[in-house]
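Enquirer: Copying in the features that TrEMBL gives for the protein in this structure:
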type	residues	note
REGION	B:1-25	region 'Disordered'
COMPBIAS	B:14-25	compositional bias 'Polar residues'
REPEAT	B:35-76	repeat 'WD'
REPEAT	B:77-118	repeat 'WD'
REPEAT	B:183-214	repeat 'WD'
REPEAT	B:216-257	repeat 'WD'
REPEAT	B:313-343	repeat 'WD'
Amino acid sequence: MSQTNGISHEDEGIDYSDIEERYRVEQTEGFDNLLVVDGVPIIDKSKLEKLVAKISKEFSRKGAKISPENITVPFGDDGKSKGFIFMEFKTPDEAVHALTTMNGVPFDSKHNFIINRFSEIEQYANMDPVYIEPKFEEYKPREHLRAWLADPQGRDQYATYRGDDVEIHWHGKPSNCEVQYERPNWTDLYVAWSPQGKYLATLHRQGVRLWGGPTWQPIQRFAHPLVKLIHFSPSEQYLVTWSHEPIVVPEGALQGPQYFSPEDEGNSIAVWDIKTGNLLRTFPSIPVTGGDEAVKKQGVVWPAFKWSSDDRYVARVTPGQQISIYETPGMGLLDKKSIKIEGVVDFEWCPLGDKDMDEINAAKSGAPGKAKKQPRENMLVYWTPELGNQPARVTLMAIPSRTILRQKNLFNVSDCKLYWQDQGDCLCVRVDRHTKTKKSIFCNLEIFRVREKDFPVEVVELKDTVTDFSWEPRGERFAVVSSSDPNLGNAGPGATIKTDVSFYQLDRGRGDFKLLTTLANRTSNTIRWSPRGRHVVLATVGSTSKSELEFWDLDFNNEDLGKKDGPQEWGSGIQRLGSADHYGVTDVEWDPSGRYLATSASTWRHTLENGYAIWDFKGQELEKHLLDRFKQFLWRPRPRTLLTKEQQKAIRKDLKKYSRAFDEEDATEEGKVSAELIAQRKRLVDEWNAWRARCKRENSGRSKKRNVAVEDVDEEKEEVAVWIDEVIEQIEEEVVE
Amino acid sequence: MRGSEFPEIMTFRGSPSQGLSHSESNGEQSFLVGWIGHERSLTQIRYNAEGDLLFSVSKDQLINVWYTHNGERLGTYDGHNGTVWTIDIDADTRFLISGSADNTMKLWECATGKCLYTWEFPTAVKRVAFSEDDSQVVCVTEQRMGHSSTIRVFDINREGDGTNQSEEPVYKFSPIGSKATVVAFAHEPHLILTGHESGKVAVWDAKSGDEVNSNEHAHRDVVTDLQLHPDRSYFITSSKDKTARLHDTKSLAVLKTFPTETPLNSAAIAPLRPYILIGGGQEAMSVTTTSLRQGKFETRFWHKIFEEEVGRVKGHFGPINTIAVHPSGKSYASGGEDGFVRLHHFDDSYFKSKPYGDVEIDD
């Protein structure tokens with residue numbers, strides 16, 4: 001089986017022979033249809049006919065048709081054949097085909113065909129017989145791509161993009177915040193981190209580049225001209241790119257596994273392997289039919305492909321028809337066919353929780369001892385709207401087995417949104433339902449508990465329209481923003497929508513979700529949970545008149561976040577820690593440790609007071625930078641922790657011990673900072689004063705105002721004398737110094 | 001460090017409808033603003049050398065002069081038929097030079113308000129300045145209708161009544177490339193300092209018209225103001241690129257940068273204290289909502305050496321177009337797009353407070 005670009009030929013029956021034709025080095029005219037076949041049994045003349053017929057048959061069987069007349073067998077003086085034969089094909093194409101299919105194929109137990117082009121024989125014959133040892137390229141150790149995690153102070157990094165400059169910052173204690181790297185014109189469009197922070201992607205006219213390591217060396221590049229959108233797979237193995245321009249392969253374009261070939265022409269989505277930089281496969285984009293204006297304008301629903309969180313599968317939906325799942329690394333269609341689902345609108349993969357990851361790793365390493373539990377199969381959920389007599393439906397399906405695990409019928413559905421809890425424990429289907437008259441919309445939350453037997457479903461009914469929903473990471477709580485504002489959906493400029501924010505929590509005992517509390521009459525439209533749970537920020541984003549940030553703690557009374565099921569009153573632990581305001585905020589993002597929050601106002605949205613601010617989880621402002629032409633703020637993501645559950649527990653237990661050391665460090669730090677600042681200021685003042693002194697000396701010879709200019713000539717002479725004196729003094733001073 | 005710790009600044013308030021402004025009765029805060037004198041936005045204000053008078057020019061074609069101690073208007077110089085863009089006063093407060101959109105530059109007698117001489121040009125005069133010894137003035141004209149932006153230096157005949165001036169400039173040259181927006185005499189008598197539309201700052205030899213030195217990237221946008229330190233060894237520029245910068249006159253090296261988040265129209269160096277004052281604001285046409293918040297119509301005080309903002313003074317209802325500091329450093333004035341001149345006297349705490357500890361900083 002021949003492989004091209006790592007894709008097997010069987011894949012959808014595509015014929016790749018024309019690529020091979022393209023890659024072939026141009027030969028001397030006229031001999032292209034001649035092949036020299038070695039490894040043929042040595043015979044005498046009597047067996048010639050039989051042999052030629054056999055070889056011809058053998059070749060024809062593989063589709064390389066050759067008639068016996070076109071086979072020439074040269075004989076030596078001793079009457080024996082020379083062990084090689086010539087073949088003349090009708091066209092060079094056939095010769096190439098024969099070469100690729102028959103080279104190395106066994107003829108009988110002792111003989112294998114070894115085929116060369118006739119035009120190449122001379123080249124091989126004239127080769128220098130002296131073996132020259134190829135030079136080994138010296139191994140250059142690559143920088144560690146995760147070096148930033150080893151920062152002794154445990155700082156996080158973030159990237160900012162302002163004007164044409166991209167900067168990577170360290171963020172830690174005030175004294176340790178510094179720019180780690182900066183580079184003007186690093187990107188043409190924007191920058192993006194890979195999901196575990198290993199790579200920084202920059203977008204250019206020519207394609208995507210990945211950078212990494214402490215000195216930001218180029219790591220990889222993907223030649224997708226005019227690329228607009230990119231999407232990493234969760235384990236950073238693959239990259240999907242999209243350009244609004246269909247792929248064109250111009251004459252004389254670079255060829256190779258890393259570049260587009262003529263087959264890819266007209267497609268606009270490409271999937272790449274990050275480590276090798278090879279192109280895996282390209283796809284046409286599916287024209288956008290429904291969706292909101294922004295999506296239509298963009299011309300693609302992004303991400304177009306959704307990855308399962310172990311990177312094994314990537315899937316996309318053709319709305320109304322099917323879900324196509326492709327298997328990595330070959331990018332072949334799973335089971336060679338898409339899953340046909342009439343009416344399907346959207347789907348989501350179930351994320352793998354830490355537990356699943358551990359199980360997968362254990363299964364991989366083949367840990368000895370205890371009977372391993374088979375890791376949970378990948379799972380996806382999709383929904384279909386009402387079709388004829390069939391009600392709307394949400395379906396959970398296991399992949400690759402395609403078993404339907406659970407199906408639930410829904411009625412009066414106008415739209416559904418699918419939200420997985422990040423550990424893959426729960427699934428919330430937000431169902432926008434209309435009343436019989438279709439006049440008003442209300443909302444049901446259908447919550448599937450997928451770790452439990454038979455996938456029990458709870459329904460939370462809400463009277464209002466839900467505008468945002470968010471699970472607590474690693475938690476059993478969620479927050480919803482709902483609104484009954486009549487202006488919702490057609491708010492004029494400057495109008496602010498009134499919203500309510502509600503928190504719900506799973507009641508373990510009763511097995512359903514119960515309202516913790518509702519914060520009424522807000523303007524918040526965005527929920528941002530801390531990546532470690534417990535803390536949540538409610539923000540009013542994208543409004544011209546309101547820009548409030550509220551910092552909430554959901555376990556305020558609970559010192560130890562390990563146990564959540566204390567006897568305390570339901571919802572009593574919810575406490576507002578602080579509130580703040582960042583005028584014109586467009587983006588709100590927690591750092592990966594959940595200690596800091598960054599808010600930014602990007603010039604992509606508006607041009608008022610662009611810049612960013614960093615807050616602690618209590619809502620204290622730590623830094624604020626007003627920077628015009630500020631575009632992007634991105635925390636660098638961190639990979640999953642390597643510590644086991646037990647280790648984490650041990651650390652939490654000894655937190656007091658550790659924190660003492662840190663407190664001491666902070667105290668010394670503080671003293672150092674102010675000392676440093678004073679020294680810095682002193683240096684600045686000294687520099688300035690020295691410069692001023694120099695200016696004054698240089699100026700002293702210059703005639704002053706008009707009054708001075710008309711002064712007596714004698715006096716001027718005196719002045720000159722004084723000036724010389726001064727110069728001598730200066731020289732002495734310098735020597736002493 | 002912002003605002004609150006900064007010494008409180010006296011604000012002079014007054015009724016815009018009255019010709020005179022008055023001292024506040026409580027004595028600690030004196031007085032005025034809202035001088036009725038101007039009906040349109042201010043373009044430039046200047047103190048005279050003694051600091052007892054403040055001259056202001058505006059788009060309403062008037063030049064006004066005010067007593068700085070009480071804000072009373074002393075008089076008006078009437079004669080221009082277009083926006084008066086610029087003004088300068090000699091060290092004796094004898095002559096006043098003004099440049100206008102009516103394509104003329106006029107020399108006035110300060111004391112009487114008499115126009116002594118008028119020079120005519122093909123285009124508007126954007127900036128005028130006396131030389132250090134007051135024997136010359138430099139002016140820059142607008143680039144328009146096929147005429148390039150031109151810098152001319154005239155000798156000022158101080159003999160007699162001042163009406164006998166030469167019509168022809170002693171030196172005249174047109175910078176190639178981006179037009180000059182502001183101009184002044186540099187540290188040497190024949191050297192001219194310019195700020196340009198492109199953000200360039202340059203020094204020219206007036207005699208030959210050659211560029212002696214330049215910093216192409218001093219700013220990224222139009223240079224809107226340029227004010228020299230009294231000894232002309234360094235100067236401050238403001239720009240629409242939202243920064244103000246201190247430059248060394250000799251090398252044109254940028255000494256300090258003061259970044260803000262609003263386009264700047266003016267910057268001034270405060271004597272006595274190590275501060276600089278900058279003002280500006282988003283222009284009305286680019287403000288999308290009516291909130292004052294986005295305008296940033298405040299005079300900001302920055303520490304000259306540490307490049308940190310130390311305080312702000314509010315008051316104007318529109319962008320601040322021009323700022324001038326009293327030669328003694330005891331007060332300052334700002335002129336706004338709103339047509340008001342606001343005169344502020346610094347109170348004691350401004351001089352006594354040491355927000356950065358005990359540091360001796362040369363002026």
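Every residue gets a Cβ built from N, Cα and C, even glycine.
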Enquirer: What stretch of B:183-214, B:216-257, B:313-343 shows the most Cβ pairs under 8 Å to the repeat 'WD' (B:35-76)?
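Expert: Counting Cβ pairs under 8 Å, the winner is B:313-343.
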Enquirer: Grab the same-chain neighbours of the repeat 'WD' (B:77-118) for me: Cβ-Cβ under 8 Å, and only residues 6 or more beyond its ends, written as numbers and ranges.
Expert: 43-44, 46, 48-50, 53, 55-59, 61-65, 124-130, 134, 137, 139, 141, 156, 158, 161-163, 165
Enquirer: With a Cβ cut-off under 8 Å, give me the same-chain residues at least six positions beyond the ends of the repeat 'WD' (B:216-257) that come close to it.
Expert: 132, 181-187, 193, 195-203, 263-269, 271, 276, 278, 280, 302, 304-305, 307, 322-323, 327, 363
Enquirer: Mind checking how the repeat 'WD' (B:77-118) divides into helix, strand and coil residues in DSSP?
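Expert: Across the repeat 'WD' (B:77-118), DSSP assigns the residues as follows: 0 helix, 23 strand, 19 coil.
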Enquirer: I'd like the per-state residue tally for the repeat 'WD' (B:35-76) from DSSP, helix first, then strand, then coil.
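Expert: Helix/strand/coil tally for the repeat 'WD' (B:35-76): 0 helix, 21 strand, 21 coil.
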Enquirer: Please give the average pLDDT for the repeat 'WD' (B:183-214) in this predicted model.
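Expert: Over the repeat 'WD' (B:183-214), the predicted model scores a mean pLDDT of 90.
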